[in-house]
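TrEMBL lists 45-319 with the feature domain 'Pyruvate carboxyltransferase'. For Asp54, His258, His260, Asn294, the entry in TrEMBL reads Mg(2+) binding site. Per TrEMBL, region 'Regulatory domain' is recorded for 461-596.
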Amino acid sequence: MPASHPLTGQPLQQPSGMPIRRYTAYPRVDLPDRSWPAASLTRAPQWCAVDLRDGNQALAVPMDLARKRKLFELQVRMGFKEIEVGFPAASKTDFDFIRLLIEEDLIPDDVAIQVIMPAREELIHRTFESLAGAHRAIAHLYNSTSCLQREVVFGMDRAQIKDLAVRSTRLCKKLTEDLGIPGIRYEYTPESFTGTELDFALEISDAVAEVWDPSPDHKMILNLPATVEMSTPNIYADQIEWMHRHLDRRDSLILSIHPHNDRGTAVAAAELACMAGAERIEGCLFGNGERTGNVDLVTLGLNLFTQGVDPEIDYSDLAEVAATVEYCNRLPVHPRHPYGGELVHSAFSGSHQDAIKKGFEALEHRAAGTGTPLDQLPWAVPYLPIDPKDIGRDYEAVIRVNSQSGKAGSAYLLKTACHLDLPRPLQAEFARIIQEHTDGTEGELSADEVWSVFRRTYLEATRPLALLDHTAASSDDGATRSLTCTLLTGTGDTLTLDGTGTALADALLHGLATLAHPDTLDPTTLVLGDLTQHPLPPDGDQAPRFAAYARLDQHQRSTWGAGVAPDAATATLQAVLSAVNRLSAESAGVSSAARC
Ligand SMILES: CC(=O)SCCNC(=O)CCNC(=O)[C@H](O)C(C)(C)COP(=O)(O)OP(=O)(O)OC[C@H]1O[C@@H](n2cnc3c(N)ncnc32)[C@H](O)[C@@H]1OP(=O)(O)O
Ligand SMILES: CC(C)C(=O)C(=O)O
């Protein structure tokens with residue numbers, strides 16, 4: 001018996017051989033009565049967009065003034081009320097940008113710009129200099145508090161690091177008073193919080209708050225970043241809840257978080273941290289930022305939206321947001337990025353497409369039944385967590401056809417792009433034809449290409465018999481129809497055909513049965529198996545049109561035909577002839593796919 005896995009009983013996996021001993025597990029927080037697991041998110045946090053600083057500092061080519069302004073204006077339009085606009089002591093571009101915003105009066109009254117500074121005296125002075133004349137601003141001081149950075153970066157012990165934060169806060173307080181801007185708020189970040197012992201993070205945060213002396217009316221922002229994401233999100237939530245419970249002047253603080261995405265779980269960490277007591281989130285649009293990025297404000301906001309909670313940020317034109325972010329960062333948004341990626345509302349696979357198509361049909365049915373517009377109904381379409389239209393996308397890309405698609409995919413495209421509502425058995429037949437095309441090309445078929453295959457397969461199946469003209473009359477009692485058709489044959493001759501039957505299609509088949517066998521097909525053995533018609537909406541100035549689909553059975557096989565014409569009678573006759581011609585071609589041994 002081979003050794004088995006202790007959890008699954010399956011054959012044992014082999015050791016990877018990777019140097020696992022270089023890494024140790026992150027410690028857990030001692031918080032047995034944690035309350036966050038029972039909490040839920042019921043309103044949007046205070047958002048702060050830090051793209052222009054933390055996002056910008058991670059770019060190979062930092063934003064120029066024009067790009068910074070474009071992104072700032074987008075964030076204002078989206079509704080952000082706090083925007084970290086730069087690191088004014090770092091570069092002339094950052095300093096000049098802040099001056100531009102202030103001097104050209106580009107900051108709406110209800111928006112606070114935020115500037116960041118390290119705990120270095122000359123850089124603090126330069127930072128406050130950049131704020132002269134601002135109405136509302138957040139002065140943000142950071143210094144790293146982690147064990148590792150205390151040792152290898154600063155060569156300082158806990159007391160010295162605390163003293164640095166306290167002294168710098170005193171200076172910030174003085175400069176704020178000197179500037180005389182009543183709207184200045186203070187933010188302190190014990191940077192690398194997730195690498196800091198909790199008791200020291202608490203000690204330094206309390207010490208800074210003591211100096212700043214905030215009140216419930218004039219709160220200070222305390223920002224607890226996952227500068228590097230080091231643990232599972234539940235541990236970050238525990239850390240936030242622990243701080244939330246132990247901070248001295250909690251009612252005078254706004255508890256902020258700033259998660260990075262090193263483990264790929266920044267969104268989850270932010271959500272759990274808010275359940276644990278955080279009130280404010282710093283992040284970037286589409287998650288730009290150092291290394292794997294800052295937490296993504298698009299995903300966070302739209303996650304709330306899909307739970308029926310107003311994100312208080314306008315994401316209704318997400319394509320514009322993505323385009324601006326891509327332009328400013330010179331980085332692409334991944335096609336699989338939640339909500340905003342190019343592919344995230346698209347289904348290629350058959351069973352997903354089938355469920356989506358049925359979901360849309362159910363919604364349309366409900367809208368028609370209740371008289372409620374479709375965009376007001378509760379959203380319920382399988383595989384689509386959000387209505388693409390709510391974020392400015394259309395339904396065009398929802399279903400895309402390739403070799404993984406089934407009948408629903410091509411049927412959906414024909415219905416949405418051409419209004420052709422194929423009967424289910426015809427959908428199945430057509431899907432097999434589409435499959436031959438996608439298998440051949442290994443690629444995707446656009447709605448135009450699907451329509452083109454349909455047209456060539458069914459509507460242009462006009463050899464050997466094409467309808468040129470017809471007249472029809474009903475008997476006095478309406479029980480029979482007599483039909484006279486003029487047909488163009490495969491040899492280019494015209495042929496007149498008369499027939500009588502209970503309906504037009506029937507009359508046509510009877511007429512055909514009187515002919516010498518056209519081509520290889522014996523029309524006397526044809527049976528009409530199915531016939532459906534529906535009107536088509538007028539296409540621009542065109543008169544109304546009709547579509548008809550006919551299934552002919554002969555011996556053990558069935559084949560469909562289709563017609564589109566200005567009137568239902570012509571469409572029906574075309575559909576029957578299309579099926580006759582396709583059967584004829586099959587009898588002659590030519591596969592329908594090969595004919596396309
Ligand atoms: C987690 C974060 O995102 S924090 C924000 C990081 N962002 C940036 O660094 C972007 C802008 N930075 C810069 O332009 C530059 O680093 C400047 C202008 C701030 C400083 O430049 P320099 O003086 O040349 O220093 P340099 O960047 O090489 O090194 C940083 C120095 O600041 C110290 N330092 C780093 N962070 C801090 C801090 N928060 N408070 C005080 N000192 C700090 C380091 O220990 C180091 O000191 P040392 O020169 O005595 O060894
Ligand atoms: C300075 C802080 C807010 C930061 O950017 C981080 O910790 O990542």
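The backbone N, Cα and C atoms fix where each Cβ goes, glycine too.
Just so it is clear, the model here is predicted, and its values are computed rather than measured.
Reduced to three states, the DSSP call for His260 (Mg(2+) binding site) is strand. Just so you know, the Cβ of His260 (Mg(2+) binding site) picks up 24 other Cβ atoms within 10 Å once every protein chain is counted. Sequence-distant neighbours of Asn294 (Mg(2+) binding site) (same chain, 6+ residues apart, CB-CB distance under 8 A): Val50, Asp54, Gly55, His258, Pro259, His260, Asn261, Ala266, Glu282, Gly283, Cys284, Gly287, Asn288. The secondary structure of Asn294 (Mg(2+) binding site), as reduced to three states from DSSP, is extended strand. Taking the binding-site residues Asp54, His258 in turn and counting surrounding C-beta atoms within 10 angstroms, the largest count is reached at His258. Remark: secondary structure over the region 'Regulatory domain' (461-596) totals 37 helix, 56 strand, 43 coil, with classes taken from DSSP. Per-residue confidence over the region 'Regulatory domain' (461-596) averages out at a pLDDT of 88. Cβ atoms within 8 Å of the centroid of the Cβ atoms of Asp54, His258, His260, Asn294 (the Mg(2+) site) belong to the same-chain residues Val50, Pro225, Ala226, Thr227, Pro259, Glu282, Gly283, Cys284, Gly289, Glu290, Gly293, Val295, site residues excluded. DSSP gives Asp54 (Mg(2+) binding site) a helix state.
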